[in-house]
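For reference, the structure discussed in these notes is given below.
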Amino acid sequence: MYSAAAAAAAAAPPRRDFISVTLSPEEAVGAGGYNNSKAWRRRSCWRKWKQLSRLQRSVILFLFAFLAVCGVVSYTSMGEPWKSLTNKSLDDQRTEPGIPGLKLANPAVLPAPQKADANLGDYPELSPQKLPKPPHVRRGPSNLQIKPPRRDVRLKTRHGTSRVVEEPVQADKEDKTEKSVISWRGAVIEPDQSTEPPSSKIKEPEKPSSVEDVDQKEPVAINERQMAVIEAFRHAWKGYKDFAWGHDELKPLSKSYSEWFGLGLTLIDALDTMWILGLKEEFEEARKWVANDLVFDKNVDVNLFESTIRILGGLLSTYHLSGDSLFLEKAKEIGNRLMPAFKTPSKIPYSDVNIGRGTAHPPRWTSDSTVAEVTSIQLEFRELSRLTGDEKFQKAVDEVMKHVHTLSGKNDGLVPMFINTNSGQFTHLGVYTLGARADSYYEYLLKQWIQGGKKENELLEDYMRAIEGVKKHLLKRSQPKKLTFVGELAHGHFSAKMDHLVCFLPGTLALGAHNGLTADHMKLAEALIETCYQMYAQVETGLSPEIVHFNLHAQKGHKDVEIKPADRHNLLRPETVESLFYMYRFTGDKKYQDWGWEILQNFNKYTRVPTGGYTSINNVQNPSNPEPRDKMESFFLGETLKYMFLLFSDDIDLINLDKYVFNTEAHPLPIWAPA
């Protein structure tokens, strides 16, 4: 007991005694003591610190260290916003060398594109230059709505043409901020008048905006060429109404119809065309059919892609132009009935859906879907989510794009034509084309980026890389006129084959240049639209075949364009007229209107059926007998004549391309604007 106590006493720290002395202020000062100086205060603080126990000092040090860490974290999260605010005035004053009016971008997020191979050395006209100026802004009728007007929108007729003109919308006054998004070859891309894509959170459905009177622009009269388009449409509509009303497509020669889905494809495809052309009576008649007879609850397989771009796209577009909620309700119904297509192991949708049973499946002969089909439904489903507040539509199609973005098997941005719905991987590798089965993939990369406010950089990155891939691998020049064309690549072997479908590309390139992309794209667009026109001009009927082959070597007595017997049919396709519209809208060059006028005259000469309607033909090389096929595709009314009418218009506010983006079936959907 004693030894333990003695040991404890020996281990205890020695006792310290303190003496407290109190001095008066005078004594302290006189003795050189406390005088409120900094040195005295430091000694006093140190003495207090030494009097604290080791635990107390550790706790205080830990608190200081914790506060320091919090400060660092706060600085990293808040530093950039404060920095951008303080530097904004400086950024606004700096411009990109050689590109007046464009602000310097933040460091580019895209890698600099590789130089194309020696093939592009043959194209001096594709060197960068300033973007062409848009045509002179002419005064015209009030703008079409970006947001849908009320259903009771008032209609007016002018100049005896039954042209429908909407009451203008009172623009919402929004604070606009300028923010550079991305830089590519010195061109700055900015979200001019768009906003963030719809939130992943479910929101209230988008409501139509009210229609209020604002300063009215003077009307732009319908010109003779536009009147000719209206007459052509009415002639085609007469045949459809007389012989195929409510069915998918007209067979004008046999005065009957053909059925694909049994959903009135031609009628739905033509709704917004009638609105744009001002055909009020025809539109109201078609609306009644949609209200009373359009039924989706039927046991029928429909193609996901075709029903999306024609039916869903047509209904959404018509809703925006007319403000009639009937079309939105029908759009929601068909959108929901198409959703089973996305129930696949890979989330890559099946090609076919039974809209009555709610089941989906791939084609009978394969488990593959085409790349163009699964990546060209996004504009429509994204817009459906924005309008309804239901995120499932956009989520499904965005997953497809994100998945394709990560896939291997691309060749400098070019994608194969097929993708497997089970594995989610590309199949039939090594074949690259901008024609059938791949074309609209490239179109929708750019248009989704525009639709969403130029913020989704992955889409722009894939688009820019793909165009560089086109230049590197697919671009050649023909003989003898040295026409620039886009061929195909199969396992390293180049083919001088070009589908008429590829003639969407000049318009898409021009649209990209208009939205701030490199001026090289506009130069390439100008070269390619010349080629697409020559695909008509060098043919006996003045109408393009479905496919052409270009001569790469000069041969006496041979033109640039060669046509094989299996490829010489014409389906009344819109792609060249579509690109002519974009080119005229962005350049103001009248030759594009003249070329479109030639095409319309040749359609009237060789495809018009006297009793009503137009027909596709089998032989564009035989003017005396073009061999009519007895079928009028729905896209002739939905796309070809619509683009013709817009091409001949000098009113740039008639579907303003800074407010609308066209889907691949020519149905305009709004660029997302501030809420």
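Backbone N, Cα and C define each Cβ position, glycine as well.
Look at TrEMBL and you will find 58-78 tagged as transmembrane segment. The region 'Disordered' feature in TrEMBL is assigned to 88-216. Here TrEMBL flags 164-179, 201-216 as compositional bias 'Basic and acidic residues'. What TrEMBL lists as active site, proton donor is GLU306, GLU546. The annotation disulfide bond is assigned in TrEMBL to CYS503-CYS532. The feature Ca(2+) binding site is assigned by TrEMBL to THR664.
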Restricting to the same chain and to sequence separations of six or more, state which residues have a Cβ under 8 Å from that of GLU306 (active site, proton donor).
TRP260, PHE261
Write down the Cα-Cα distance for THR664 (Ca(2+) binding site) and CYS532 (disulfide bond), rounded and given in Å.
18
Pairwise Cα distance for CYS503 (disulfide bond)/THR664 (Ca(2+) binding site) [Å, integer]
12
Would you mind checking how many other C-beta atoms are within 10 angstroms of the C-beta on CYS503 (disulfide bond)?
28
Relative to the Cβ of GLU546 (active site, proton donor), which residues of the same chain, six or more apart in sequence, are found under 8 Å away?
ASP499, HIS500, ASP567, ARG568, HIS569, ASN570, LEU571, ARG573
